[in-house]
Every structure is written in C-alpha cells, then in structure tokens.
Amino acid sequence: MRKFNIRKVLDGLTAGSSSASQQQQQQHPPGNREPEIQETLQSEHFQLCKTVRHGFPYQPSALAFDPVQKILAVGTQTGALRLFGRPGVECYCQHDSGAAVIQLQFLINEGALVSALADDTLHLWNLRQKRPAILHSLKFCRERVTFCHLPFQSKWLYVGTERGNIHIVNVESFTLSGYVIMWNKAIELSSKSHPGPVVHISDNPMDEGKLLIGFESGTVVLWDLKSKKADYRYTYDEAIHSVAWHHEGKQFICSHSDGTLTIWNVRSPAKPVQTITPHGKQLKDGKKPEPCKPILKVEFKTTRSGEPFIILSGGLSYDTVGRRPCLTVMHGKSTAVLEMDYSIVDFLTLCETPYPNDFQEPYAVVVLLEKDLVLIDLAQNGYPIFENPYPLSIHESPVTCCEYFADCPVDLIPALYSVGARQKRQGYSKKEWPINGGNWGLGAQSYPEIIITGHADGSVKFWDASAITLQVLYKLKTSKVFEKSRNKDDRPNTDIVDEDPYAIQIISWCPESRMLCIAGVSAHVIIYRFSKQEVITEVIPMLEVRLLYEINDVETPEGEQPPPLPTPVGGSNPQPIPPQSHPSTSSSSSDGLRDNVPCLKVKNSPLKQSPGYQTELVIQLVWVGGEPPQQITSLAVNSSYGLVVFGNCNGIAMVDYLQKAVLLNLGTIELYGSNDPYRREPRSPRKSRQPSGAGLCDISEGTVVPEDRCKSPTSGSSSPHNSDDEQKMNNFIEKVKTKSRKFSKMVANDIAKMSRKLSLPTDLKPDLDVKDNSFSRSRSSSVTSIDKESREAISALHFCETFTRKTDSSPSPCLWVGTTLGTVLVIALNLPPGGEQRLLQPVIVSPSGTILRLKGAILRMAFLDTTGCLIPPAYEPWREHNVPEEKDEKEKLKKRRPVSVSPSSSQEISENQYAVICSEKQAKVISLPTQNCAYKQNITETSFVLRGDIVALSNSICLACFCANGHIMTFSLPSLRPLLDVYYLPLTNMRIARTFCFTNNGQALYLVSPTEIQRLTYSQETCENLQEMLGELFTPVETPEAPNRGFFKGLFGGGAQSLDREELFGESSSGKASRSLAQHIPGPGGIEGVKGAASGVVGELARARLALDERGQKLGDLEERTAAMLSSAESFSKHAHEIMLKYKDKKWYQF
C-alpha cells in the first residue's frame, strides 16, 4: 500500500493559494508576464532538527568519569548533560525538568549513567546509543536527595538524603529496596541532635559489607550492612565536606569547614591520627593554627612506588583576599598550589585502575571550573596542564556577533590552520589527551564549513565547523592597532560605550578573496588582507570620517571655515607620512565641545604583523560638535571593486581602500535627493555640508592620497629608491592626479544634475503604511533605537553587478542600500580600468534614482539570473600581496572580474535578473531592469523577522527566515512559495537575535548560552544522515582484571571481602519499600531500554545467539520427543490392530 503524504497535499494547496495571491499582488500589467522558472525545492526537502552543541557547558554543577570507557560527563544548573570522549566525540542531552544536576555516577563500563537532580529525581541514561535517552526515572516524594554512591560492578545505588537517611535503589529496575539505614540508628543513641544531611557515602575498599557514612555536622559512621548496626562512630567538632578512603581500607581522610584535614584509623574512633591545616599559619607554642576557608573536596590516591597524593580544593587562609581559587596537590613533603582562573566547581583524579582496593596510580586531575575545564598532568614535574582539544574557549571573551559559511573554498581551512598553528601557547604537557573514549561518526558531509565569532575584547576567531565538529583555526586581535589606555584619566574618548571599546559588532568576509572587514562598537572599521608573510608596517593607514545627520551652529577655531568631510591622514602630500601626522585626540572646539576626534587612538609606532590577517586600513568616525559618532549598523566589502561601505543612523560612507580615499559621505536623507517620500528637511542650516548631489559625487582634495599610501604594508620597510627618480615620479603622479580630479568633478556635477531630475518610479508608491514599521529596529544590540522617521538608519548593504535603472540594457557595478524604513536605494559605481590605473583614477559614485519600498527594515538583498541561480558579488581571487610578482602576471591578477555560479557569466547577461529583498515584515522579488514586483510574500503580521538569508540547498536556492516569535520559515525562489514554517525558539534575549544565522546546505546556528553554540539543520537529507554523522560514546572494552589478592592474603583472609548484595537488598530478605517514598517513572525506552542499559548491542547479539542456540537445542529435544511419541503411537496402533484382529470373530460371551 502506498504511503499517504500529507505534505504533498499541503504543497499543492499552498502552491495554488500562493499563485492566486501572487497574481493579485503582482504590480505589473498582465501582458508583461515574467518567464516561468522551474523550482525544484518542495516541502519534503525540509525538516528542522538540532544537530550538535559546541562550547563550554553553561553554569556547570557536576562531574563524573568512566575510567574504562574514558568518557567524561558534565552536568549543569540548567539540567543539561554534556558528554566528552576523544576530540570530536561530544554529546548534549537535556533533562526535561530543567532542574540543576547535583551529582553524576557512571555505571562503569556498562554504557549507562545515573544523574541526580535538585528536584530529588534520579535518572538512568542509556549511553549505548548515539543520542542518549532516559530509561528510568525515580522521583523521591518525601525526602531531598543530597548524595549518591554506586560501587564498582554493583547494581545497587546508595542514596543519601537531607534527613540523614540512606535508601538503596536497584539500577536495573530502578526500584527502591526495603533496606533503609535510618539516621537515628546510625548515630549514638545518647545523642539528642540531628547529624544533618548525608554528605558522603562509600564502601570500605577491602570490605563491601562496611559502609562509611558522612554527616554534615561532623559525624562519620562505619555501618555494617549485614548486622544492620554501626561498628564505629567518628566525631569531629567541624562540619564535614568530603571523605576519601586509603585503598587498603584501614584509613580515611575527611575535609572540614575550618580548612583542616583529619586522617582516621578505622579501628581508632576516639580521635584522628593526624590533623593537617594545609594553608594555615603554624603558630608558636604548639597552638592550633588559625582557621582557614573550607576544604570543599579531598581525594586520597596511592602509588606503588612512592608517597600517596592528597589533592584538595579550597582551604586558603582568610587573609588571602583577592587571591584566585586554588587546587592543592600534596605529594610526600612537597605541596603545590595551582591557581585557577575561575572558581572550582568539582575535580576528579584519573587513575590507572577502576578498582578501589588496588594502588590507584593517579596520572591526571580533571578540574571543572566555573568557565573552563582544566586537565593537570600529575606525572610530570611542575604539574603542567594538557592542551584542551575541545572547543571550550568560545566564551574566552563574550561573543558579540557570529557568521556562518558553508561550502567554502577548499584551501581556506588549511591556510587558516597554518597561520593559527603558530599562535599556540607553549608549556603544555607532552602527553596525549587522556579522555579518549568513543568513536567518530561516519559523516557523509565533505564540504568545508567555517564559523567566525566576534568578541567583546575585539578578537575575531575562525573555527573549522566541518562535519558537525568544531576546532579553532585562527585568532585575530583587532585591538592591536590601537593605543591602550594606561589609567582612567588617559582613557580614549569611548563615551559611547561604558566598557569593551573594541567589541566587534559586524563582520563582513569574502571567503574567495579572504578580505575581512569588521565594524567595532567605537564606530571604527578595520579592513584586513590575508598574508602568509610577516611584515612590519611603519605607519598604520588610517582615515577619519565625519558622518553627521545634522550640524548645529557650532563655532570652530577656524571661524567660518568648514571642516573637511573626510579627514585622511596626511592629506594630499605626496611625501611619506610621518607618525605624528595622526590626528590629535585632544581636538576640541572653542567652547570646549569635543570635535573632529575619533573614539580610539591608532598607534603611531611601527606594527609587527604576523602571518594571517594584516591591517590594510583603519577607518574611524569622529565626534562632531560635542556629539559622539553613532555606532555602525551595516557593513559590506567587495574585493573586486576595492571598496568598503558602512552606514549608521546618520548616513552612509564609502571608502576606496586601495587608494585610501573616502568616496561617499552622506546623510541618509541626502541619498533620496528630491525623491524623499517623507519630505524631510534638515532642521538647521548645514554650513559644512555640500549639496546632496555634489556631496555624493564630488572627489575632494583629501580623497586623493599619495602613492605611498597605496602601497602594500611592506612599503614602509622596503629599501628607499633613488631620490631623483622618486621626485620625477611624484611630479608625474601629481599631474595625473590633477587631471583626473578635474575630470571627476566635471563628471560628478553632470551626474548630480541628472540625478536630481530622476523621480520615484510610478509603479512603486511611496505612501505605504508607515505604521507597519513599529517593529523596525537595528540588528545591533547596542545601537541607539530609531524612534523617528528622521533617524533612518542604513540596515543592509549589497555590492552587485546588475541593472541600476529601468533603461539599462546591460548590468553594471552598483551598490544597493537598504534602510530601517523599508527603502532600497541604488547607487551606481563607475570603476576605472584595472592595473595601475585603478590606483590612480578615482571611482565615480552616482545615484541612479531607483527607489524601492517594503514594509519593515531591510535585512537582506540578493540577485538571481534568468534561470533562477544566485548571482554572487564579484570578487578578486586571493593572492599573496607581500611577494613581488612579474609585471605582466601582476597585471593579469589585478583585473577584477565578477564571478557567477550561474550557467552564463554576468558579462554576457542581456536578459532580465531578479532582485530578492527581505525585510522585517515581507519579502519581494523585483524583476530587473523593469523594476516590476514579480512576487511578494508577507512573512509575518504580528511579529518581525530577526534574520533572513538567501541560501543554497539541494542545487537550488531559498529564502530562510527566523522570526522573533520563534518561527523558522523557508520560501522558494523566485516565487516565494512557503516551504517550511516550524515553531522552534522564541526570542528570549538579544543574544539569539545578534547571533542567529543561516548558511548554505541547510545549516544554521545561534548562541544558545553565553558559552555555547547550538547548530541546527533545516535540511531533510541532513536530518536523515545525522545518525551516521554522530559519534558513538560506548565502545566494547574488556574490564581490567581485578588485583591479585596474593597467597597469604587469600590464606589468612586479608584480601577484599565480597558481599552478596542481592541477598541482602533483594525483596525476599528486605521486603518492599514504601510506595509513597518514591515514584517510578518509566523512560521512553521501557523494558527494551532496560535490556539496552544492561547489555547493549554486543551483549544483545551474544544473548540472541545464546537464545538461538537454546532454542535450537530445545527444538532438537522437542523433535526427539516427538519422534518417540510418534514411535509409541505407532506401536500402540499396531498392538491395538493385533488385538482387534485376534478378537474380531469372537462373540461376546466367548471372552
């Protein structure tokens, strides 16, 4: 029978309804129909599911380790469970209740884990499947769980409670035993006070029948399980935090709240054998040391060849104010105090054997910190730490923005790795990472993926995210180009931010050319080139831009002289720029107002730039009339054009980073010219601003920079040329510059006059309902809110090669600008020829007059060719700029060609294109060059879109959106037919809005917590293959052999004493537990899950084989019995027949 597919029916319905609505929404005449494009994406290509979670577990609370499987488990205060094996093997699970995890216990080498939560629930997890699941849960109803202990190779779990009682749970059935240790029976009968909650439970390593119970008040009890009474009671004045056994079972050690350690002989309960205050000051006259901070945990580990290790956390003296948390390692007479960067949550000592009654031979200590995981090598002098292979440093500085790139050039990851490998710290342990359990998944994904994170300290990190793993590749520190403030009085002018003046807000990256551009919170932009060579930059290239919406009448020292629009360093002086040519940061107007001053001060000393990303140009917005610059809201870079553009709520600026010149510096209103649909006017005269048309096109004196500013970063350190030749060259360049300047001004004025005559297209009405913009806002987390139409911010920028006007017959380079009021404006770019002329002739920038309108702030723009394929922005392939090349080869590489993935290159396109525009409220597909609205889709009415991306999937493209109401939606292109609409995650904080992003091949991610990245997929194919891609946590490993008891110990009973716990705790001897004490909750696995927890795949196969043999044997026995019965039946039939023949002719009276 054929399976009924409801989604195909929905496809048909949505296709029919959308086509009907699209016919109504099309704004062009019926006779001018758009050519049909065959769309291949259907709803069955989409499915939403989480893939993996990377990063450090947020708010960790518990730690456990399986010494045989070599798997580490971390629980958190939010109920999350993170499991780590070998590098690349990670797993994330979540308790539905969200209660804090207070303790974790592995069933060692069984592929199972017990978690105890703060809501007094115990859960049994099956780790023998790629996605662990809960098999059983046990909810305690009348008592609070405080401590759990599961002996090695035992199925009985001891559970201590706040009331001081101990209950016993069978981990196979997850039911309570009737055996209970009551607190009033454990303590002295004469004692009148309650001993407090149970803080420790452990069995004697040499006698499983003896249970050591630690109570918070300071009482320790050795309980005999068989006789059900206390053998010994140990009392100390200070509260107990933890207890640990010596492996011989004759001594144990306790840590106390006054910073002391007490060592007790099992048979001497009167007083401790030894009292140690590790960090206490030893006073004279034998007095007791001053009390210290509590020792929260202690471990006692022995070695065959030397003194035992005593490892503890806490216990520092109270006078060490401000000292960082410490882990103390005491070995023999030496004491090492290891300082940690964060508070210690828990620690575990990794030992060679899982058996508690053998020499432990510790080799490492895992320390779980509040924001880090540290592994200390105990076998090497100095106790170095292991280099952590997990991606746990995402939060090293808080993440402020995030970008995700799938299907990158194949040479990118090796290139980034090679330069990042040189940044690694020295001094790590030489041993391999000891947590190496599990196996990698067999992923079918082979395309490279890169995640870029921007951070609050100004750093940018590149991560290899291929095949659902994460590994740091390279770290860039953008703050290196700025002067650091040494004291509060010398702080830079970062009044627009309280702290983190270097924080990254926006990242624009071209993977093909490897050009990187970042925008920071202090209204600064830095452009980087990638190089494999180390260079020394004598002077950091720098531009200052005066970007202002409105200028009040402010008196300046120059009187009526207006300040220049851009402030390039060095002006037009052809001579090399000395370091002091950087603008002074103390500039101010005559009435004390800060003016023409950037927020940060660029270094004026030579800068050594290591291989990797090297500074090409620093651009800063300056203070104007006492007002700080507004933070940047949008950013775009294009390597083919050599341009970078950025905008904020004041306006837009475009910079030629090859010539180090400002090409465009306009307020947002001036972009409209006479076509402003809101009819806005500046509220005061603008003395320092030129008319809008001229301001857009005019190239000022300051925009042409000396040749030295156009050189590569190595120019400053290159050998000087002959002075006569240099003078001639400078004179020649000045002549060329003067001519090109005059020509550019003439062209600019002509274009400006033309641009003013261009009106708004008649088919796009400017009187759209502005009230729909109530949700419009900047995507930046700290940008000033836009509450008036006059504060229209630039929200999206896109370089492309397309039709700028209706009358265009061929595409040309241009910039599309989107604003927060839903307007799209098009700016034409006239680029000079490539090669040396590109460095000498100016780029002409002019408005096209094209204005398009949507509801809500513009988020994303892209372009399709006539076949529906995505037209990517033009780019220049990467090349090494710091290596001299042959002239003809250099000319060849200097030519910038736009590259397209469509069948026909963009130079040959004569047919129409489609512009895809996504705003906070709707999406439109505009046909070019006619500028008719081909398709329109209202994405949301009651919410707004936080992120929209045009992405490739299954050899096609679609629009993917994430809304503030938690819905993830996808639409086909170009018809904007709905394909997916799933409620996933509501917007709970700005962190999600700031970091959520889609990329190609159905991948997406966001920052789920301050320390973790959550990746998800909306591709059906990836969801189906996810099981294969995930790693396996459990691998069949033989349990190590138990330690040899030795001849004499076996003869005289000195070895470990075993205990038949089944007989002691089973229902037959101890009875049933009270039903009101705890409630059993079966997990999704049910009875089959129990089998899975007890055995797993290998065990099940063995059992199945055994069952098959038994079944075969039984079948054989049955066959034999059947044959015997058949033979007996035949014999009986034969005898009956003989008797019948014998008496057949006889009469009845003859018998």
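Each residue, glycine too, has its Cβ placed from N, Cα and C.
Model, not experiment: these values are computed from the prediction.
According to Swiss-Prot, the features are:
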- 17-27: compositional bias 'Low complexity' (COMPBIAS)
- 712-721: compositional bias 'Low complexity' (COMPBIAS)
- 881-892: compositional bias 'Basic and acidic residues' (COMPBIAS)
- 1086-1146: domain 'v-SNARE coiled-coil homology' (DOMAIN)
- S692: phosphoserine (MOD_RES)
- S723: phosphoserine (MOD_RES)
- S759: phosphoserine (MOD_RES)
- T762: phosphothreonine (MOD_RES)
- S782: phosphoserine (MOD_RES)
- T784: phosphothreonine (MOD_RES)
- S785: phosphoserine (MOD_RES)
- S900: phosphoserine (MOD_RES)
- S902: phosphoserine (MOD_RES)
- T1039: phosphothreonine (MOD_RES)
- S1058: phosphoserine (MOD_RES)
- S1131: phosphoserine (MOD_RES)
- 14-34: region 'Disordered' (REGION)
- 555-595: region 'Disordered' (REGION)
- 674-729: region 'Disordered' (REGION)
- 881-906: region 'Disordered' (REGION)
- 61-94: repeat 'WD 1' (REPEAT)
- 101-140: repeat 'WD 2' (REPEAT)
- 145-181: repeat 'WD 3' (REPEAT)
- 200-234: repeat 'WD 4' (REPEAT)
- 240-272: repeat 'WD 5' (REPEAT)
- 294-336: repeat 'WD 6' (REPEAT)
- 400-477: repeat 'WD 8' (REPEAT)
- 633-695: repeat 'WD 10' (REPEAT)
- 794-851: repeat 'WD 11' (REPEAT)
- 860-934: repeat 'WD 12' (REPEAT)
- 939-983: repeat 'WD 13' (REPEAT)
- 997-1020: repeat 'WD 14' (REPEAT)
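Proximity of S1058 (phosphoserine) to non-local residues of its own chain (separation of 6 or more, Cβ distance below 8 Å) is seen for E208, given in sequence order. Mean model confidence for the repeat 'WD 12' (860-934) is a pLDDT of 76. Figure note: comparing Cβ neighbours within 10 Å for the modified residues T1039, S1131, the maximum is reached by T1039.
In the three-state DSSP assignment, the secondary structure recorded for S1131 (phosphoserine) is helix. Counting Cβ pairs closer than 8 Å and at least 6 residues apart in sequence, the repeat 'WD 13' (939-983) and the repeat 'WD 11' (794-851) reach fewer than three and form no contact. When Cβ-Cβ distances below 8 Å are used as the criterion, the repeat 'WD 3' (145-181) is approached by residues 102-103, 105-108, 112, 114, 116-117, 120-122, 124, 135-138, 194-203, 208, 211, 213, 215, 223, 228, 354-356, 1039, 1061, 1064-1067, 1070-1073, 1077-1078, 1080, 1090, 1093-1094 of the same chain, each at least six residues removed from its ends.
Within its own chain, the repeat 'WD 2' (101-140) is flanked in space by residues 61-69, 71, 73, 75-77, 79-81, 83, 91, 93, 95, 146-150, 152-153, 157, 159, 161, 167, 169, 171, 173-176, 354, 441, 1027, 1030-1034, 1037, 1039, 1077-1085, 1089-1090, 1092-1094, 1096-1097, which lie at least six positions past its ends and keep a Cβ under 8 Å from the stretch. According to DSSP, S1058 (phosphoserine) is assigned to coil rather than to any helix or strand. DSSP classifies T1039 (phosphothreonine) as coil under the three-state reduction. Between the alpha carbons (Cα) of S1131 (phosphoserine) and T1039 (phosphothreonine) lies a span of roughly 57 Å. Taking DSSP states H, G and I as helix and E and B as strand, the repeat 'WD 14' (997-1020) has 1 helix, 18 strand, 5 coil.
Secondary structure of the repeat 'WD 5' (240-272) per DSSP, as helix, strand and coil residue counts: 0 helix, 17 strand, 16 coil.
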